[in-house]
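Here is what TrEMBL says about this protein:
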ACT_SITE  Cys10  active site, nucleophile
ACT_SITE  Arg16  active site
ACT_SITE  Asp125  active site, proton donor
DOMAIN    4-151  domain 'Phosphotyrosine protein phosphatase I'
Amino acid sequence: MSRPALLFVCLGNICRSPMAEGALRAAADKAGIDVFVDSVGTGSWHIGEPPDPRAQDEMKRHGVSIAGLKGRQINAEDYRRFTHIFALDDDNLEVIRQRAPSDASAEIMLLLDMVEERQGQPVADPYFGGADGFARTWEDVSAAADALVAKFRR
Ligand code: 4NP
């Protein structure tokens with residue numbers, strides 16, 4: 001198999017998907033597997049911005065820095081360049097599918113479909129809530145990262 005290239009997609013690319021990116025980078029480093037990882041938003045509001053400070057703080061608590069990431073919006077090339085595109089929730093999954101170019105080659109799915117007993121579930125949007133929402137996001141994205149490392153280690 002060629003090197004996996006994994007793209008995580010949420011709405012703003014400042015909370016959930018950069019946390020998923022950071023969790024996967026950390027898990028892949030620890031496991032010694034070679035994957036290309038990035039994250040984007042379907043929305044354009046936060047292009048060029050670093051992750052939300054609450055997302056950065058939650059990741060820091062788990063020893064992962066995402067301070068250097070910058071918001072970006074999904075584009076047509078992403079569908080050819082990445083082998084897998086993971087939507088953090090159903091709304092974003094639908095938008096990703098709608099915007100797919102005819103020559104898209106990436107496999108597109110819901111992130112928690114990778115996690116046993118979580119199939120079909122969304123990673124809830126923590127943006128409008130409190131810090132506990134970000135702790136939940138960490139639980140979800142780190143479970144997904146572990147499942148992805150197990151999948152791509154084989
Ligand atoms: P994310 O969270 O999709 O997890 O990055 C959000 C960030 C920003 C907004 C919504 C959700 N917003 O409406 O600006």
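Cβ coordinates are placed from backbone N, Cα and C, and glycine is handled just like the others.
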Please count the residues of the domain 'Phosphotyrosine protein phosphatase I' (4-151) that DSSP assigns to helix (H, G, I), strand (E, B) and coil. 64 helix, 21 strand, 63 coil
Take the domain 'Phosphotyrosine protein phosphatase I' (4-151) and average the pLDDT across it for me. 98
Roughly how many Å separate the Cα of the residue listed as 'active site' from that of Cys10 (active site, nucleophile), to the nearest whole number? 6
Long-range same-chain neighbours of the residue listed as 'active site, nucleophile', Cβ under 8 Å, sequence gap at least 6? Arg16, Ser17, Ala20, Ser39, Gly41, Thr42, Ala87, Leu88, Asp89, Asn92, Val123, Asp125
Fewest C-beta neighbours within 10 angstroms among the active-site residues Arg16, Asp125 belongs to Asp125
